[in-house]
């Protein structure tokens with residue numbers, strides 16, 4: 001029995017069902033039905049009513065109303081979260097659409113049958129490929145193809161994906177003279193849709209980011225400068241209340257606003273997960289701990305001399321440095337995968353030209369390794385060496401147990417070299433196909449690069465703000481508050497050091513939220529990139545803020 005089931009039993013009446021909520025729960029694979037969730041949400045205000053009444057009678061009416069409001073907000077969250085989570089999962093799944101269509105196009109150029117193209121496109125990680133794989137299984141012996149079933153299932157959620165799939169299926173049944181044009185059009189429809197969605201999002205993102213920046217950064221930090229004069233005007237701002245607002249309410253509100261903005265982000269080109277047993281990730285815990293301890297020790301030494309009040313920020317700096325070191329191997333693998341995917345179109349052209357001239361596959365791979373550079377050259381050289389040493393075919397040289405792609409988790413690269421192996425084995429006709437397919441793959445790479453650049457142009461300021469601007473502005477503001485403090489009987493009832501620590505907590509929250517927000521906007525839900533960005537900014541902000549606050553206090557006191 002889940003927690004929601006227990007809450008539903010407390011409700012005095014049943015709230016009834018909801019077909020839309022049932023569909024969202026089914027997509028999330030939740031055991032509850034809509035009636036249980038709605039009834040559990042109804043139970044929360046009921047449970048909050050008793051404590052709210054007691055607090056309103058014993059303590060204050062406002063406190064009782066606050067408890068009742070918390071119960072009502074929690075109920076609203078229970079009702080809203082399933083739909084939001086289902087939309088997010090569906091959006092992440094649809095982000096694989098361009099790669100899925102590209103795999104289908106690659107397969108359709110060599111073996112143009114609906115069954116083969118669907119099975120090849122489904123052979124990849126991700127929710128969208130898994131759904132297609134299910135349709136492939138159900139279509140065995142059925143009157144409708146897997147593509148038809150897949151198209152019907154997703155046409156309401158992504159009409160452009162359904163159109164692209166329809167063009168792929170039409171290409172498999174078209175004459176040879178028309179097939180290339182239909183496949184090219186299928187990929188163009190999918191990529192144009194992604195580019196249009198990202199462009200629309202980027203055009204509205206600047207307004208949303210400005211709102212987040214003004215309400216979450218500028219206004220709260222500016223109000224800090226008014227705190228020293230608040231007692232003069234008769235306003236009492238207790239330290240506990242200030243800490244609750246700056247270190248709890250404002251970060252939660254900012255996180256909620258960021259979540260709303262990210263919910264509108266079109267999913268495109270999601271990162272492939274890196275397995276936990278990847279060789280690059282082995283033994284990374286000890287270096288991360290060393291980095292964390294060293295950074296914390298250095299910060300302690302600096303703060304002990306320069307700003308003793310800032311000693312609590314030393315562990316924060318150590319935590320940020322440790323997170324940077326912990327995620328660095330993951331980012332290294334990501335960079336290798338990105339470099340490989342950027343070089344694949346050129347590799348297809350080189351291999352295709354050599355195969356078209358009658359050169360054997362192993363010679364074509366060696367030529368590609370010699371003519372190219374970077375990660376793709378290393379991978380093709382490794383595959384060529386394996387072919388010569390183990391006398392295996394091209395597909396096994398890349399995708400086998402000891403293949404050249406064993407440590408590079410890229411579904412795009414795996415599907416590309418699978419087609420490359422089949423085309424190279426087909427001789428000169430396959431070489432011509434590889435040269436034509438290079439254009440499709442190059443277009444996919446260019447659209448991915450352009451979409452990331454469009455989003456980065458809007459979010460670069462967020463990363464800089466969390467890392468440098470917010471700590472500097474907060475440090476100067478706290479220093480001014482120190483200067484304005486001696487106001488006789490109207491002075492603040494707490495020390496400037498306590499105020500600096502409270503504001504520092506908000507600075508740390510900004511250092512985590514803003515760079516992570518910028519990272520997710522640029523790269524999607526890539527946990528390693530977001531953690532690396534947050535850790536790096538946290539390490540910088542934890543040092544910059546106390547140093548700037550101390551130096552600014554020295555300047556303003558002169």
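Glycine is no exception: its Cβ is also placed from the backbone N, Cα and C atoms.
Cross-referencing 159-181, 182-204, 205-227, 320-342 with TrEMBL places the feature transmembrane segment at 205-227.
Here TrEMBL gives transmembrane segment for one range in the set 40-59, 100-119: that range is 40-59. Comparison of 40-59, 205-227, 288-311, 498-521, 533-555 by number of C-beta pairs under 8 angstroms to the transmembrane segment (239-263) places 498-521 first.
Proximity of the transmembrane segment (498-521) to the transmembrane segment (205-227) is established through 3 or more Cβ-Cβ distances under 8 Å for residue pairs spaced 6 or more apart.
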